[in-house]
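> Quick paste of what TrEMBL says about this protein:
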type     : residues : note
DOMAIN   : 19-86    : domain 'Ig-like'
DOMAIN   : 109-187  : domain 'Ig-like'
REGION   : 171-191  : region 'Disordered'
DOMAIN   : 201-279  : domain 'Ig-like'
DOMAIN   : 388-470  : domain 'Ig-like'
TRANSMEM : 479-501  : transmembrane segment
Amino acid sequence: RHVHYSYFLVFLNQTAGRRRVTLTADRTIIPLGGRVTLTCSVEDPAGFKYEWSRQTSDYSVKTLLQTENLDDKFRVISKGGKYTCRGWRREPDVVTPESNEVIIEETVPNKAVVTLQPNWSEIHRGETITLRCEIKDGGDTDWEYEWRTTSSEKPSNQNELSIRSVSASHSGDYRCKGRKKREKSSTDWSDPFKLTVSDKPQSVLTVSPSWLSAGASVTLNCSVKDQSAGWRIYWYKTVPDPSDNSYSYELLPGSSSGTEQDSYIVHGQTHTAGYVCRAGRGDPVYYTDYSQPKFVWSADFHSSASLTVSPDRAQHFTSDSVCEGNSTEWRVKRLSPEDRYLSDCTAWGTMTGSTCKLNTNWLSDAVYWCESGSGEFSNAVNITIQNKNMILLSPARPVTEGDSVSLSCKLRRQTFDFIVFFYHNEKLIQSDTRWELNISAVSKSDEGFYKCQHSGQESAQSWMSVQAVSRPERSSSPVLLIVGLICGIVLIILLLLLYRYRPSKDTCFKRPIQSESSNTDQNEAQCNEYSSPPHGDVCLYESIKHSEDTEHVAGGSQDVTYSSIELKHFGKKEKQQTPEERSVYSDVRTGAADNNLLYAQVFSHNKGKKKKGQ
């Protein structure tokens, strides 16, 4: 056959233009475990035989394939490569030119998979993402990649498709396959990966409590409508910006890198404050929009500015004229459920000096407060405007603990003729014909929401704030301090005296003997032995005799004071001691005269162990 092939090459130039050869395939990709049929078509094919060539890669040498049946213009193959064919016959000798090239790819068992990084279940407009084509068990093979997508994106032939600031136009199905660069083989197409790009999510902030007592803790909770993972929460407090009637935001402590927890506790808040939150994820960080500001209201007065209401009540009829007082260089603000944005007095009232007069056409339920450009807030007042026939008259500002408070129900045009019900935090506290609720001495427990009912009508509820009275700590009584000091000094002196006059063995003492006949004291030197006190207790006996002057003895009585002190022995039981070891005698002379004597006799156990040789 090789001889014939060489012969064909010799006459190639003579026959090149006489026949046209076309190579076709029923498909260009050999499925895994499948085959492809090639067809070599020669113009006027009578008497022609066929030869086939294959090139495994663009850089390999073309080789002639062995053929069992030269007359067959069909060839079934199972290997990928670049294929060509030609025809020839002998009589007359004709050799066709080489056919067109047909590239057949062989499918390898490796599976292509499209993955998303970061692997979030929902992607939002503006985020940075990467789609990656991964070849399972691809090893170190040098692959090139092909992408197909239904989106507007035009992927490259790289294994990664990075999209910065993804948009809705990138939504669609993505598929990929891998192709070995040095072989005519490839993976099958991956399963489609569906990418959906959503709008930027909204963060929602809630605060608890919304009204607080001074120093109470406030809990902030921030949630993202997107429930996928990866979000960290950033917490801010609002700082008023007088230039454009808005707020700037200042990060709260410990929030610079965000928190994994969706809650944040503010300790020791004393004044009205506003908060916002937002969530972020990814690198660079992708942030959600800021939440709407949420305020924690404090009714306590501010040190430099306070808000007052005239008339001084929390609820008003629409026909009432409500004025609000303010300190200079501060602005009056309000936030109502109907307002999308915060507004100041110029939007719904008239500011004159430090007073904001509300326009009755713009009255609405709202919380009112004052704020400065430096971020300070006054006390807040919740004002309710009623179109109903009944309102609750309650103080708009905090009441002081211990004061008397009167709450009352008020009808627009009629008087009460049935039972009036008063509620505190939804609990019924009074039901009779009185239209007033009187609290003689208000306490912190009386703080809360109040409302009233009458004949099926109900007022809105209003918050009554109770301001605690600071009570200084009680100091210790000066008398007790003086007594304690004196007792301490006396005790130290007694201990020093006992230590100074501690006796040695066989100590003798002088006992005073008073002569009844001559009224003179004689000192008799005696050495006395005493038996051990019962049960090992130590006893102290002290005898004091006061000798009167001669002129007093005859007609007066003598004052004698005896004192006995028993000292319990708490140590371990010791060996029986001799009387000499347990007796202490002291002779103390007091007074100006020699005959005024004080005697103290002390029995004491020696608690230490007896040394050898003693």
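Glycine is treated like the rest: Cβ placed from N, Cα and C.
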> How do the residues of the domain 'Ig-like' (388-470) split into helix, strand and coil according to DSSP?
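Reading the DSSP string over the domain 'Ig-like' (388-470) gives 3 helix, 42 strand, 38 coil.
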> Can the domain 'Ig-like' (201-279) be said to touch the domain 'Ig-like' (388-470) if we require at least 3 CB pairs below 8 Å and skip pairs under 6 apart in sequence?
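Counting Cβ pairs under 8 Å, at least 3, so yes.
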> On the DSSP side of things, how many residues of the region 'Disordered' (171-191) fall into helix, strand and coil, could you say?
0 helix, 11 strand, 10 coil
> As a quick check of your reading of DSSP, tell me how many residues in the domain 'Ig-like' (201-279) are helical, how many are strand and how many are coil.
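Residue counts for the domain 'Ig-like' (201-279) by secondary structure: 0 helix, 44 strand, 35 coil.
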> Can you count helix, strand and coil residues in the domain 'Ig-like' (19-86) using DSSP?
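Per-class counts: 0 helix, 33 strand, 35 coil.
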> Taking all residues of the domain 'Ig-like' (388-470) together, what is their mean pLDDT?
85
